[in-house]
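Q: Next up is a structure, given as structure tokens.
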Amino acid sequence: QYSFKEVFGTLVVQKQLFDVVAKPLVEDLIHGKNGLLFTYGVTGSGKTHTMTGSPGDGGLLPRCLDMIFNSIGPFQAKRFVFKLDDKNGVDVQCEVDALLERQKRDAMPIPKTPSGKRQIDPEFADMINVQDHCKVEEVDEDNVYSVFVSYIEIYNNYIYDLLEETPFEPIKPKWNNCNTPVRNGDFIPPQSKILREDQNHNMYVTGCTEVEVKSTEEAFEVFWRGQKKRRIANTQLNRESSRSHSVFIIKLAQAPLDADGDNVLQEKEQIALSQLSLVDLAGSERTNRTKAEGNRLREAGNINQSLMTLRTCIEVLRENQMYGTTKMVPYRDSKLTHLFKNYFDGEGKVRMIVCVNPKAEDYEESLQVMRFAEMTQEVEVARPADRPICGLTPGRRFRNQAFREELQRKLEMRGGPINGETEEQAVSELVLQNFPPLPSCELLDINDDQTLPKVIEVLEKRHKLRQMLSEEIAKTVLAFKTVLQEFDSSVASKENYIQGKLSEKEKTIAGQKMELERLEKKIKTLEYKIDILEKTATIYEEDKRNLQQELESKSQKLQRQASDKRRMEARLQGMVAETSMKWEKECERRVAAKQLEMQNKLWVKDEKLKQLKAIVTEPKNEKPERPSRVRDREKPVPRSVSPSPAPSAPPVRLRHRRSRSAGGRWVDHKPPSNLPTETVMQPQVPHAITVAAASEKALAKCDKYMLTHQELASDGEIETKLIKGDVFKTRGGGQAVQFTEIETLKQESPTGRKRRSSPSNPDQPEDAADSEWTDVETRCSVAVEMRAGSALGPGYQHHAQPK
């Protein structure tokens, strides 16, 4: 099943088909728009019958002509007012130039185009005898119109002019039994025509005969003259099969009248040229059914190829419109599609009549035809045409006619001259009135001597007046003769001058014709080269599009890789910076801890050495006294030199036991629960921010932190610890404290410590010396050591290893 805009049955009449399909195209033609109507189908399906018609029932073509002339009949211009040029344009001539053209045409011996007054050829008289009198309602009455027709055929992809006057019927030569043309020395093969593009990018056939017609009969007789030259042949499927595509072109030129409504406006820009093309396509056929051989086989191949090109162009147009692609439409592959390229690009309406033969043998071909025809309905090509604006008052033609009729009526009422004959009578009467009147010539008495002298006197006066008039007429004639002689001499000199100019122009025209022939040959060669270059350009454009797509995909991939690389570099830089900062802080912390540990070890060793020295230098009879750290503080003892560390150990920088508040700004954290001490040494930190509770705002302004912590020692004294650390900024924008060392302030009583043995005790055991040494050894084996990073800060770890 296939869907179409309208379906006509087998019993439909030509008028119904014309009203639906062709009538809107004729209306557009008169309104200045282009149109294309073609019949499409399998061979023998009735395409030519639909276009031409049959006796008694004219087809679409004669009905279109009849409707055109019924609409513009009273508004037609005289012949040669409009003149087509050889570049698909039209010029307008004044009445004098048009009159000269008509006189020149009447003087030529060539056969004239048929006139409406001549008898119609009975062969086609029934086809154009249309009784419908169909016409367009809205016709611009202030315009003048002229119709030009041409008839061409496309045979084996070559264009031929069917109206060209050639001797010995070159379109249809005589054929012998061997299916070859009879040898004839006078036979001239027809010349194919060339397609060209005008300044408005419209395609036209150069050198094509275009005839100006003034009636339906005249136009159809021109068509019939070309139809007899069209190539037809007898095949297995059709007795009169069209072997070519025929195109009947109707051009309508129209221009507005001037402001007076008398003559055509002499402005080329105001001329509108519209065109209606009626195409009778040759039918597609299968050679295995037609049994074609030789020339018929070649013709069938060219017919099918041109129809396939038409189908390809429609499919590409449809694909471009539906999917938004920009594929190139292959118009140049066939003369048929190349000629009507502008219609498919939107320069007018296109109508297609699909002819289907209900025979069962044509089933497969009919399916292909209907499938293509249904697909063509999805292509939109219509585009409105712009009409030139003349800016003159409408209705001026009929107002001018009414004015003339009223002037004629007024003259008749006044008794004035109406035509040339009455004017001549008035002049003769005026001359006769100038002569004296004749007296009565009747003689009643024989002795009457007065009547004759009066008559003689009057006649003498008349004779004198006649002589005077004769002399004046002779003088006038003489003067007129001299004027005529002068005019003849000037005309002769002008004729001689014109003849010389004409001979020069003829020589120039002959040279230009030779140049045109050379250029036409060159154009054919260049068109062939252009076709090859266009095909090559199509291949290169396809390769270019593919390479561009590949390049775009590669560039997108490179951009993605570059962005990934940049993200990875940024991420690695952040990780490196974070890791380096972390390890720098860790190294600083470890170095500080190691330095503190080494300093504590040195201090312990110094203490051990001092105690050992005291033991060694102490007399044996006296009990050695344990040195106290308070006395050491009060009386400084020179510190012994510690043994040099191992060669593998790094040197340790000695730390002084003083506050590190010399540089930087501190946060002094003193909880409100602390008690004031009466120690001489008090922690003093200049420019410090003293707070009762640690806050992020205070930490953000400083780089050092100190916490004052108090606790009760084992001997009941208050021990004050100053816990110090460094302030760091975290990655999240906060503050962090890393504790580095602890300072301790403690009060001790000098008598609070008791020795284990006293020299004043009279009861000494036997092992007193041993106990003394044991006490000394015990004292020497006990050490106080501060460990950095311990939970208690400088915690006390006792080492009492046995000796």
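The backbone N, Cα and C atoms fix where each Cβ goes, and this holds for glycine too.
Annotations in TrEMBL come from automatic prediction, not curation.
Here TrEMBL flags 1-379 as domain 'Kinesin motor'. Marked as ATP binding site by TrEMBL: Gly41, Val42, Thr43, Gly44, Ser45, Gly46, Lys47, Thr48. The coiled coil feature in TrEMBL is assigned to 502-571. Feature annotation from TrEMBL assigns region 'Disordered' to 615-680, 743-776. Residues or ranges marked as compositional bias 'Basic and acidic residues' by TrEMBL: 619-637. The annotation compositional bias 'Acidic residues' is assigned in TrEMBL to 764-775.
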Q: Taking the Cβ of Gly41 (ATP binding site) as the centre, count every other Cβ atom within 10 Å, in any protein chain shown.
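A: I get 24 for this one.
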Q: If you count Cβ atoms within 10 Å of the Cβ of Gly44 (ATP binding site), leaving out that atom itself, what do you get?
A: 21
Q: What count of other C-beta atoms do you get within 10 angstroms of the C-beta of Thr48 (ATP binding site), across all chains shown?
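A: So the Cβ neighbour count for Thr48 (ATP binding site) comes to 23.
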Q: Quiz question: given the binding-site residues Thr43, Gly46, which has the greatest number of C-beta atoms lying within 10 angstroms of its own C-beta?
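A: Answer by Cβ density within 10 Å: Thr43.
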Q: Around Ser45 (ATP binding site), how many other CB atoms lie within 10 A of its CB?
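A: Cβ-Cβ neighbours of Ser45 (ATP binding site) within 10 Å number 25.
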Q: Can you count the other CB atoms that lie within 10 A of the CB of Lys47 (ATP binding site)?
A: 23
Q: Kindly state the mean pLDDT of the coiled coil (502-571) in the predicted structure.
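A: Across the residues of the coiled coil (502-571) the model's pLDDT averages 94 on the 0 to 100 scale.
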